[in-house]
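Novice: Straight from TrEMBL, here's the annotation block:
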- VAL27, SER303, LEU400, ASP403, SER404: Na(+) binding site (BINDING)
- 45-65: transmembrane segment (TRANSMEM)
- 91-119: transmembrane segment (TRANSMEM)
- CYS130-CYS139: disulfide bond (DISULFID)
- 246-266: transmembrane segment (TRANSMEM)
- 300-317: transmembrane segment (TRANSMEM)
- 329-354: transmembrane segment (TRANSMEM)
- 387-408: transmembrane segment (TRANSMEM)
- 429-454: transmembrane segment (TRANSMEM)
- 460-483: transmembrane segment (TRANSMEM)
- 510-538: transmembrane segment (TRANSMEM)
- 558-579: transmembrane segment (TRANSMEM)
Amino acid sequence: MGETEFHERGSWGSQAEFLLSCIAYGVGYGDIWRFPYLAYENGGAVFLLLYVVATLLAGTPLFYLELCLGQFSSLGPNCVFKKIVPVFQGIGWAMVMVSFFVSIYYNMIVAWCLIFFVVSFRGEMLWSSCTNSWNTIMCDSSLEQDRCANKFGLNPDTQSNHSFFFNFTCYLKNESDAMWATKMAFFKNVSIASPAEEFFENYILEKTETMDTFGGFNWKLVVALFLSWVLTGACLIKGVKTSGKVVYVTAIAPYVILIILLIRGVTLPGMELGLQYYMFEANVTKLLTPKIWQEAATQVFYSYGIGFGSLITMASYSKFKNNCCRDAIVVTFVDCATSIVAGIAIFSILGFMATEQGVKIDAVVQSGIGLAFIAYPEAISRMPAPYIWAILFFFMMLMLGIDSQFSMVETITTAVGDQVPALRAHKSLIVIAACTVMFIFGLPLCTRAGIFYFTIFDDYSAGLALVVIVMLEVVCVIHIYGLKNFIDDIELMLGVPQNFFGRIIGPSGYYFRVTWLVTSPLFLLAMIGASLSFQFGYTMTYGKNERLYIYPSWATTIGWIISLASIVCIPIFAISPIVRTIRKGRPWRDLFRAKASWCPAQVLVNEASHRASTPSSVHPAKQQTFTVL
């Protein structure tokens with residue numbers, strides 16, 4: 001790496017840009033819709049406690065490990081593992097592949113948020129009514145019942161039982177006994193669909209009945225996805241120089257909005273019902289079930305973005321002496337706190353919704369995308385001035401998605417630039433090419449059967465592959481390269497601990513040594529076992545009740561191909577160094593030794609400058625003397 005190449009790579013404008021980028025990357029959709037639901041499903045306060053424990057024993061240490069790798073080498077994941085353990089250089093490319101697959105479908109979520117955000121400006125909640133062109137006879141809600149009562153001059157709170165809504169029409173019960181009987185008979189065999197559910201599936205997705213029929217392109221999704229990629233590309237057009245500035249808005253704005261939603265949520269009637277189920281109803285017996293431990297550990301790894309290569313990439317643009325230990329602790333604490341606060345904001349509003357409908361909380365809670373695009377919009381529609389809260393919520397969702405998205409795409413573009421340094425001067429072209437390719441790969445998700453393919457990507461692209469990659473990462477760095485060598489690298493960057501406190505929880509303290517050697521690998525092994533058990537016994541489905549769709553077996557095959565496509569990078573990229581070792585007659589142990597070029601980037605810059613200014617006849621070339629081995 002010559003001096004010009006080193007400077008062409010770029011760096012963060014300030015330490016604040018790096019810290020905000022890490023926070024923005026870590027805080028994503030999983031904190032808004034996955035974490036609250038997991039806490040609700042797994043014992044409330046008990047799950048929150050386990051989540052904090054998993055963060056301390058595995059999340060923070062592995063987050064810090066990846067920051068150290070990137071900051072020490074000033075390289076992306078593909079080149080980091082090529083230098084530290086040559087035979088396992090495929091780990092870096094596997095990370096890049098995971099980011100590639102996740103980026104394809106993740107931007108589809110951003111596109112959905114963009115559509116909801118634009119629709120919210122109409123001033124009317126299209127997802128609160130059952131009388132739109134996309135609604136069906138199955139649509140019904142208490143809001144429609146209230147509208148019917150108002151239409152007939154009745155008090156919705158006391159006399160709504162004298163009127164009813166069915167099949168796009170309001171009726172008075174005493175004048176329409178036959179129609180009331182028809183409605184009751186109809187909904188004995190068919191479950192009610194909420195207006196928010198039909199808005200999402202029939203208007204946004206225009207969903208087909210099965211995945212066997214593509215149904216053609218849904219052009220509003222195509223346009224929304226294209227605009228999402230334009231936004232992503234614009235944020236990255238000059239790498240961290242542009243993304244570092246954008247993050248001041250995209251990282252801070254969601255927190256402002258989340259606080260506003262939190263204040264509004266905890267002042268709504270019925271909020272205590274939601275909070276009771278979310279965090280105050282501790283079910284200690286859940287601790288005896290393996291599922292809660294698996295869910296807590298899995299959420300930690302996914303929430304912090306470990307194993308995607310993005311943390312290594314972002315840290316590679318930091319200054320060599322930056323205190324990445326402090327950054328790791330701050331970011332993981334902020335992410336953990338954000339998850340808990342987001343759950344309070346979400347469940348307080350769901351508690352209000354359950355109170356308004358007079359039902360139990362489990363009747364309104366949904367998991368995954370259903371919480372963000374069905375349950376929460378429906379809850380918003382019942383609040384005063386709903387369009388204001390809808391605009392705020394979906395703007396927050398838009399910012400959260402773009403943050404995480406451009407961090408993953410930066411991983412891909414950085415990998416290309418590090419692999420072919422001559423391309424670094426054409427960063428804009430790399431970004432445009434990467435965004436274009438992933439937009440094309442995402443087009444099948446814009447068909448009317450796209451939601452089915454989205455689910456495949458969501459279930460398989462970062463499941464088993466991710467935990468296998470992180471497990472091998474720990475083995476490579478801590479066990480093959482060696483904990484002592486890695487600690488030496490850290491102390492070269494951040495110094496040797498000077499007091500008892502530093503020796504315990506400092507940058508190279510015993511806390512990190514023990515967690516890297518013991519607790520993190522144990523967590524990862526448990527996750528691999530749980531992931532294998534889950535994947536082999538898993539049947540993909542979409543929908544519920546009589547609208548439940550069971551995926552065909554070939555869809556599962558596609559999922560396994562996506563999952564294994566990342567993992568197979570590891571043996572494939574091991575072939576080249578093995579063949580080179582055999583051909584040149586080198587000892588096999590060289591495959592497991594760090595290269596001499598595994599050193600701070602500035603060392604290589606200085607040596608390159610020295611060789612360029614010194615005639616070779618005066619100072620013949622010699623082997624790199626800097627080593628941390």
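These residue numbers are counts, starting from 1, taken along the chain as shown.
Backbone N, Cα and C atoms are what each Cβ position is placed from, and that goes for glycine too.
TrEMBL annotations: computationally assigned, not manually curated.
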Novice: Spatially, which candidate from the binding-site residues VAL27, SER303, LEU400 is nearest to CYS139 (disulfide bond), comparing Cα atoms?
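Specialist: In terms of Cα distance, CYS139 (disulfide bond) lies closest to LEU400.
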Novice: Using C-alpha atoms only, work out the spacing between SER303 (Na(+) binding site) and CYS130 (disulfide bond) and round it to an integer in Å.
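Specialist: The Cα atom of SER303 (Na(+) binding site) is 36 Å away from the Cα atom of CYS130 (disulfide bond).
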Novice: Within 10 Å of the Cβ of ASP403 (Na(+) binding site), how many other Cβ atoms are there?
Specialist: 26
Novice: Mind checking which residues of the chain, 6+ beyond the ends of the transmembrane segment (300-317), have their Cβ under 8 Å from one of its Cβ atoms?
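Specialist: Here the qualifying positions are 9-12, 18, 21-22, 25-26, 28, 30-31, 34-35, 51, 54-55, 58-59, 62-63, 66-71, 73-78, 80, 92, 95-96, 98-99, 102, 239-240, 324, 331-332, 335, 339, 404, 407-408, 410-411, 414-415, 462, 466-467, 469-470, 473, 527.
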Novice: Counting only pairs 6 or more apart in sequence, are there at least 3 Cβ pairs under 8 Å between the transmembrane segment (246-266) and the transmembrane segment (387-408)?
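Specialist: Counting Cβ pairs under 8 Å, at least 3, so yes.
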Novice: Is it the case that the transmembrane segment (91-119) and the transmembrane segment (460-483) touch, counting contact as three or more CB pairs under 8 Å in which the residues of each pair are 6 or more positions apart?
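Specialist: Between the transmembrane segment (460-483) and the transmembrane segment (91-119), which are separate recorded stretches, there is contact, as judged by 3 or more close Cβ pairs.
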Novice: At a 10 Å cut-off from the C-beta of CYS130 (disulfide bond), count the other C-beta atoms across all protein chains.
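Specialist: I count 24 other Cβ atoms within 10 Å of it.
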Novice: Any chance the transmembrane segment (45-65) and the transmembrane segment (429-454) have 3 or more Cβ pairs under 8 A, given the pairs are 6 or more apart in sequence?
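Specialist: The answer is no, given that the two segments have fewer than 3 Cβ pairs within the 8 Å cut-off.
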Novice: Between LEU400 (Na(+) binding site) and CYS130 (disulfide bond), find the distance joining the two CA atoms and give it rounded to the nearest Å.
Specialist: 30
Novice: Given the Na(+) site residues VAL27, SER303, LEU400, ASP403, SER404, which other residues of that chain have a Cβ within 8 Å of the mean position of their Cβ atoms, reported in sequence order?
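Specialist: Filtered neighbour residues, in order: ALA24, TYR25, GLY26, GLY28, TYR29, GLY30, ASP31, GLY401.
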Novice: Please report how many Å separate the Cα atom of VAL27 (Na(+) binding site) from that of CYS130 (disulfide bond), as a whole number.
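Specialist: For VAL27 (Na(+) binding site) versus CYS130 (disulfide bond), the Cα atoms are 34 Å apart.
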Novice: Which residues, sitting 6 or more apart from SER404 (Na(+) binding site) on the same chain, put a CB under 8 Å from its CB?
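Specialist: Expected: ALA24, TYR25, GLY28, TYR29, TYR106, GLY305.
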